[in-house]
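K.L.:
Here it is, the structure, as structure tokens.
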Amino acid sequence: MADGVDHIDIYADVGEEFNQEAEYGGHDQIDLYDDVISPSANNGDAPEDRDYMDTLPPTVGDDVGKGAAPNVVYTYTGKRIALYIGNLTRWTTDEDLTEAVHSLGVNDILEIKFFENRANGQSKGFALVGVGSEASSKKLMDLLPKRELHGQNPVVTPCNKQFLSQFEMQSRKTTQSGQMSGEGKAGPPGGSSRAAFPQGGRGRGRFPGAVPGGDRFPGPTGPGGPPPPFPAGQTPPRPPLGPPGPPGPPGPPPPGQVLPPPLAGPPNRGDRPPPPVLFPGQPFGQPPLGPLPPGPPPPVPGYGPPPGPPPPQQGPPPPPGPFPPRPPGPLGPPLTLAPPPHLPGPPPGAPPPAPHVNPAFFPPPTNSGMPTSDSRGPPPTDPYGRPPPYDRGDYGPPGREMDTARTPLSEAEFEEIMNRNRAISSSAISRAVSDASVGDYGSAIETLVTAISLIKQSKVSADDRCKVLISSLQDCLHGIESKSYGSGSRRRERSRERDHSRSREKSRRHKSRSRDRHDDYYRERSRERERHRDRDRDRDRERDREREYRHR
């Protein structure tokens, strides 16, 4: 009897399995997800998801279509259709996604899985959502892209490997662009909107009701904590393209929170999420279409990110400005600047103080996301509530305004000046080496000194890359100078050697000549002696002959 019951159970499960396969029809994506996508997301293209995927509870219907009878009684054994929902912010939680799906009339959500980076626990910006009917999947694909989640329109695609790879590539590009902007060290600083996705955390995706506790926001935040999200009807500005700079002033906490001191450590994880940002490809300044989604409390009236391009993580931060308080809805009146929360300033509606900086010190705004005080021109108000400074006129040393006037350079201008400095450095070094090789050390030294002076006078001379160029030019200059000094001493040594050799040759010639003269003299004297002897012999013979003749 027990065997019969076992057979009945086994056949019932197999029948369910065949019925499910027949119901799926063209939707083999579920098997593809179960057998291919999940291992590849854990062990293949995205190994960073492994820890999080392993900690998830077993999903409903994971063993469907795997050819093995389930040993657990599931509460749902019917049809399951999986979809990818992408183009999400990194702090979008499963509760936000669930509420957005429920608002469309879809109530048969079976599971939600967020893909996360293993290194830092941040969301990759897309999730896997399983629903229980074809009608729900069609409704999600048709209506969810028209809704807005944290200022971005989700993208709904079928669950297959092609769309998975597309979302993975998009996540990698976004991460790389955020690291290139210098945002890998801290979360979004308060009072300024971030260029790309902040490194602050996001609530991890969970099954509805599976993991107890509130939202979790892993990852450190910026100095002073992240600011609250933008009010309804306003989206964050477009990322800037300038060089990395220090973070701006800290933002305000939500109501009821104690304001941390500036440059404080990371706040409580889970009390405040980072602000939403603009997803790449969304038009700049486009207001959201729907009301503010549920989440953290709205921002304190009178505070918020500035309307102009936000500052990067180096350079002087521009003054942050608030959004005027207004209920959720369409975009309100124009934005005005006001002081940050940690500094005194006039209340909203009070007449603004005089500008604290001469507008002539600010360059005209550019379209490249310059971190100037405002992209529309000089600041209309004093962001820190200080009185106008004493006018020095044309006397005395320049103040901090001259330094700030040199730093606001767009990325295009910075790269142009750096390329020009590199060209000056390389051409000066090559010309100096060629001049030094032919012995023209004066021209080589003059070329290098001129190049060093030009690079030091450029606007980016304080940059480390410019300092490297200057040090290489100085090293080349020192080498050529030492070579020129060594060549001068060698020339003097050669001249001395030539003089010595000439004197030696002269002395040798003189000695040889004196010896020759001496020899000639002795030869002449010997010849004269021989002549005298010959004459004496001749005289003696003549005398002998005369004597003989007389005797006869």
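Every residue, even glycine, has its Cβ placed from backbone N, Cα and C.
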K.L.:
Swiss-Prot lists motif 'GAR' for one of the ranges 202-206, 272-276, 372-376; which is that range?
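P.N.:
The range carrying the motif 'GAR' annotation in Swiss-Prot is 202-206.
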K.L.:
Secondary structure at THR157 (phosphothreonine) (DSSP, helix/strand/coil)?
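P.N.:
The residue in question, THR157 (phosphothreonine), is strand (DSSP, three-state).
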K.L.:
Between THR157 (phosphothreonine) and SER501 (phosphoserine), what C-alpha distance do you get in Å?
P.N.:
93
K.L.:
For each of THR157, SER501, SER512, SER514, SER526, count the other CB atoms within 10 A of its CB; which of these modified residues has the top count?
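P.N.:
When each Cβ's neighbours within 10 Å are tallied, THR157 leads.
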K.L.:
How many whole Å apart are the CA atoms of SER514 (phosphoserine) and SER526 (phosphoserine)?
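P.N.:
Cα of SER514 (phosphoserine) to Cα of SER526 (phosphoserine) measures 18 Å after rounding.
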K.L.:
Between SER526 (phosphoserine) and SER512 (phosphoserine), what is the CA-CA distance rounded to a whole number of Å?
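P.N.:
Checking the Cα atoms of SER526 (phosphoserine) and SER512 (phosphoserine) gives a distance of 21 Å.
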